[in-house]
Amino acid sequence: MPSSHRLSATILIFLSLTYISSSSNLVEDITDKQDSSEDDDHLQTFPTPPPIGTTTASADSLFNRMNKILRKEEKQKSQNFQIFNEKDLVTNSNANPYFSTTRKPKNRSDSSQKARDPDPQNQVIAGIPDLSDPCFRRYENSIIVNAQPYERRSSTGLIHCKSHCLNSQIGVYSCRSFVYDNVNRVCDLFAHVGDQAPARLLKFQTRDYFEPTDIVHCLSMINGESSSSAPSSEDEDSPPSPPPSAPIVALATNTDKRDEHEEMTETIEDITVASPSSDSCPRGKQSTFLRTEGFELFSHDDQELVVGDVAECAKACIENKINGVALKCKSFDFLSSTSTCAFTSEAAVPVGNGQLKQREDASYHEKICVSKSFVESCPSTFFSRHPQMILVGFAESVSDSPSFEHCFDTCLNSYQLFGFNCTSGMYYFEENQLNCILNSENRNTQRELFTEENTDIVDYFEVECTTPRSKQSKRKMAGVRNFETDAIGADKMVTDHEDVEEDGSKWESWSECQDGKQTRRKICANFNQIEDCAEEVRDCVDEIDSTDMRMSIKRAGELENNDHEQIEDNNTDASEDPVPTKEEIAEVKQKIRRTGFKCPLNECCRVFLSCSYGLRHNSHTKQLEWCRRPCDPSLSSFKRSRLLR
């Protein structure tokens, strides 16, 4: 073979090997890229550099991709908690943000919801904390959900919230994190960090999440800063260690104002003048107690007293003097095993800042102020209270109450206001509307429907007397203002009052006679007290001769022959047309609950088979009223309610 041919063959072989090597590198590069695309988080191998003179996407795109992956890994490593969106949590502006279970419906517009949570895409919490404070890690606009704080402190500043967390490292609970509400100045302490399952962290405007860091070093620093802070600071109204003679007015929420204005302005002289026994309740009211069995107030024993009976404890707390020492008593614990009472100027959450602890031989008693007339008619000094319990299915009235005591007073005056006797109720502390629910039954009559409530902060209470209440011992027809209560087997709501009560309130003049009844209302001089707007009903009275006053309707079978009374002609008809029985009344009551009352306003409609009584929807009082003679039994046609159709 000529040398020229051998040289040409050698060159061809060399070029072929070079091409094969280049193709191999390209295949390896493509394979590596495919492997890396299958795993966005990590690159298993680095691609082989292309041969010199070959053009690709160049090193710039590869460099940018590598930086993107490294930034993603770094972000994941710095993320301290779980990321999720607002839609993962069912909550409202007035709701408890620490729970994610389904809540009661709220009267809340879409615009207010959007204002609260402006952009769903911005609900992801940033993972980088604020470390400007060496004692705490701060996560701005964040809250804890799926968890409940072990303690809530209201009307307190951020400095005191930090100090309390650092000081709460030993005991039943240890502060591991807290959430501070910058608007309402509420401090919620938690015994765990915010991302400890099942708890999670969520972005929430106006609230910040904190975790303590160097507790030992920061404790002295925080206490020193708190004690030396100027009076003009944000915490001027909440000193860390107030004297017992001037306790802080602790609120459960901004909706729970338990006589705040009265307690803030009341002086010792006013208390002394108002009551010889130094009762701190305002005029016209008297102290009584809500009792919680099986619990005591933890670490709040200002004074102790050995007694023979729990009534002695109540007397000492009402007088605000224990063992000769003045103490503005708000609650006390009674230990049955040692017959000892422990008094304190603090109350349990959500009204105060104290924490209840289970103890079998103890009972916790919290002071409240109720109408003096009710206390006098009901000798019982204690009323049952059950935190986080509710009675299901027997709500007769739902109303708005600014405080627990207002709701309790509403229950006491339920007959005058709503026409039924309230025996129990529930107050939802964190609701602004429809937060007071009154029941016609209680846990003793409906044990199977008495259950726990773990979503909202609520108190269940009962209004039961050891002896029947005067002129209200029997149950009235629920939901109906009973004008003719004698006819349905209950006592008549006719109480003779003078025009001026003991508390100084006055009554309007009696109305003109209508359907054999007269009404009058108490002058509403103070709209904060519900009893000021109470209503009374009585039989029509002849102003010329009061001796002619008598019951317009008498119980069936019990009509009396009285020679000193002039019997009207329609009484004869009433005796011939008997009054409804209890069974008939119960049946009508169930129909009203099931289908409502369908009758023209202010017209007396027939609801029973007899024509003795009917029902009327009074447009002025917004209540159902008993009325007489809805029909004439001698006529073949008459007006009747759709209840009978």
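Cβ atoms are placed via backbone N, Cα and C, with glycine included.
Summarising the annotation, Swiss-Prot assigns compositional bias 'Polar residues' to 92-102.
With a cut-off of 8 Å between CB atoms and residues at least 6 apart in sequence, the same chain places R153, F178, Y180, C187 near C161 (disulfide bond), listed in sequence order. As annotated by Swiss-Prot, disulfide bond applies to C161-C187 (among others).
Swiss-Prot lists C165-C175 (among others) with the feature disulfide bond, giving sequence analysis as the kind of evidence. Under DSSP, C175 (disulfide bond) is assigned to coil, being neither helix nor strand in the three-state scheme.
There are 23 other CB atoms within 10 A of the CB of C281 (disulfide bond), with all protein chains counted. The disulfide bond annotation in Swiss-Prot covers C281-C369 (among others).
Around C313 (disulfide bond), a 10 Å sphere centred on its CB holds 24 further CB atoms from the protein chains shown. Marked as disulfide bond by Swiss-Prot on the basis of sequence analysis: C313-C341 (among others).
The Cβ neighbour count for C329 (disulfide bond), using a 10 Å radius over every protein chain in view, is 25. Look at C329 (disulfide bond): DSSP puts it in coil. Residues or ranges marked as disulfide bond in Swiss-Prot: C317-C329 (among others).
In three-state terms derived from DSSP, C378 (disulfide bond) belongs to neither a helical nor a strand segment and is classed as coil. According to Swiss-Prot, the feature disulfide bond maps to C378-C465 (among others).
Here Swiss-Prot flags C407-C436 (among others) as disulfide bond. Annotation note: C436 (disulfide bond) sits in a strand segment as assigned by DSSP.
Around C411 (disulfide bond), the C-beta neighbours below 8 angstroms that are at least 6 residues distant in the chain are C422, S424, G425, L438, F461, V463. The disulfide bond annotation in Swiss-Prot covers C411-C422 (among others).
Annotated domain 'PAN 1' per Swiss-Prot: 135-214, in sequence order.
As annotated by Swiss-Prot, domain 'PAN 2' applies to 281-369.
Marked as domain 'PAN 3' by Swiss-Prot: 378-465.
What Swiss-Prot records for N107 (among others) is N-linked glycosylation site.
When secondary structure is read from DSSP and collapsed to three states, N421 (N-linked glycosylation site) falls in the coil class. Taken from Swiss-Prot, the feature N-linked glycosylation site covers N421 (among others).
Per Swiss-Prot, N-linked glycosylation site is recorded for N570 (among others).
Summarising the annotation, Swiss-Prot assigns region 'Disordered' to 30-58 (among others).
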Neighbour tally for C341 (disulfide bond), based on other Cβ positions within 10 Å of its Cβ: 23
Nearest of the disulfide-bonded residues (C175, C369, C378, C407) to C341 (disulfide bond), judged by Cα-Cα distance: C369
Between C369 (disulfide bond) and C407 (disulfide bond): CA-CA distance (Å): 12
Number of other Cβ atoms within 10 Å of the Cβ of C378 (disulfide bond) across all protein chains: 22
N421 (N-linked glycosylation site) and C378 (disulfide bond), distance between Cα atoms, whole Å: 14
C369 (disulfide bond) and C313 (disulfide bond), Cα-Cα, nearest whole angstrom: 17
Rounded to the nearest Å - Cα separation of C165 (disulfide bond) and N421 (N-linked glycosylation site): 45
Residue from C329, C369, N421 whose C-alpha is spatially nearest that of C436 (disulfide bond), among the recorded positions: N421
